[in-house]
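What TrEMBL records for this protein:
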type: ACT_SITE; residues: 211; note: active site, proton acceptor
type: BINDING; residues: 74, 75, 113, 143; note: 3-methyl-2-oxobutanoate binding site
type: BINDING; residues: 74, 113, 145; note: Mg(2+) binding site
type: COMPBIAS; residues: 1-20; note: compositional bias 'Polar residues'
type: REGION; residues: 1-27; note: region 'Disordered'
Ligand code: KIV
């Protein structure tokens, strides 16, 4: 534990550890988290969790559990909308689901993801798309993929007062050119990723997602930046960790990536509940007297 992290979590007179009331996770604040709170966590050396969500009810569960940042990721394509990749996701879909997540939460900073085709044309298109998510859906920040290649977009949004989370390493919107491979293994690729991260920071991004990069490289990027890094498949040294909620909760069908940890088996639980309901209906056990009006 770093000295700053120790100050975040200190022992009281009874020997109990008490959390810093400002802590992003476990803190006492009830107002919505802002990007300034995120910056404070990096200064304190505090690690924090981020989850995706795509609907109000799931988001409310994560908000009540104290998850400080919720990403309405374009992973909604694979995990919610039934597409094979994130590429077909539209801005309308992100806007509707982001608004639902904002309505379902009180404390979390909600980050809306700019989908493929909604910002690549240039900064003006990016500003128009991001403005929709901020005004219509009420998100507190937006995420977009790419470092140097998305700099004009990042600069434009930051100048307009929209906090930007950058996404580097494996960028799923480029799956058709990049595939799903660990990024930054070759020296040249690692140098490019470090350059991208610094460029995103210099353009005013408040955080950088690092997806599927070697842990050593993620550690170097994390040391080099004053804004937080958020890892997914990037090892233990990033400032924060993000998981796709359906992977984390065991709802995703089939194999999940090796970097995911499954904390529940919702697919089994929901399937069992559906079967129990069906058997009660076909066997006549539901509805019983207590579910019946006279
Ligand atoms: O869309 C998403 O859920 C993401 C996370 C994997 C970071 O981009």
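Even glycines carry a Cβ here, placed using N, Cα and C.
Automatic, uncurated: that is what TrEMBL annotation is.
Known features from TrEMBL, placed on the structure.
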residue : record                               : DSSP (3 states)
74      : 3-methyl-2-oxobutanoate binding site : coil
113     : 3-methyl-2-oxobutanoate binding site : strand
143     : 3-methyl-2-oxobutanoate binding site : strand
211     : active site, proton acceptor         : strand
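Long-range Cβ neighbours of residue 74 (3-methyl-2-oxobutanoate binding site) (same chain, at least 6 residues apart, Cβ-Cβ under 8 Å): 86, 89, 94, 113, 114, 115, 116, 172, 173. Cβ neighbour count for residue 143 (3-methyl-2-oxobutanoate binding site) (all protein chains, 10 Å cutoff from its Cβ): 25.
On its own chain, the residue listed as 'active site, proton acceptor' has 167, 168, 169, 170, 171, 172, 183, 231, 232, 233, 234 as residues at least 6 apart in sequence with a Cβ closer than 8 Å to its own Cβ. Ranking the binding-site residues 113, 145 by the number of CB atoms within 10 A of their own CB puts 113 at the top.
Neighbouring residues of the recorded 3-methyl-2-oxobutanoate site, listed in sequence order and excluding 74, 75, 113, 143, comprise 52, 71, 72, 73, 76, 86, 89, 94, 114, 115, 167 (Cβ within 8 Å of the Cβ centroid).
Annotated pair residue 75 (3-methyl-2-oxobutanoate binding site) and residue 145 (Mg(2+) binding site), C-alpha to C-alpha distance, rounded: 13 Å. Across 74, 75, 113, 143, which the record gives as binding 3-methyl-2-oxobutanoate, the greatest C-alpha separation is 12 Å.
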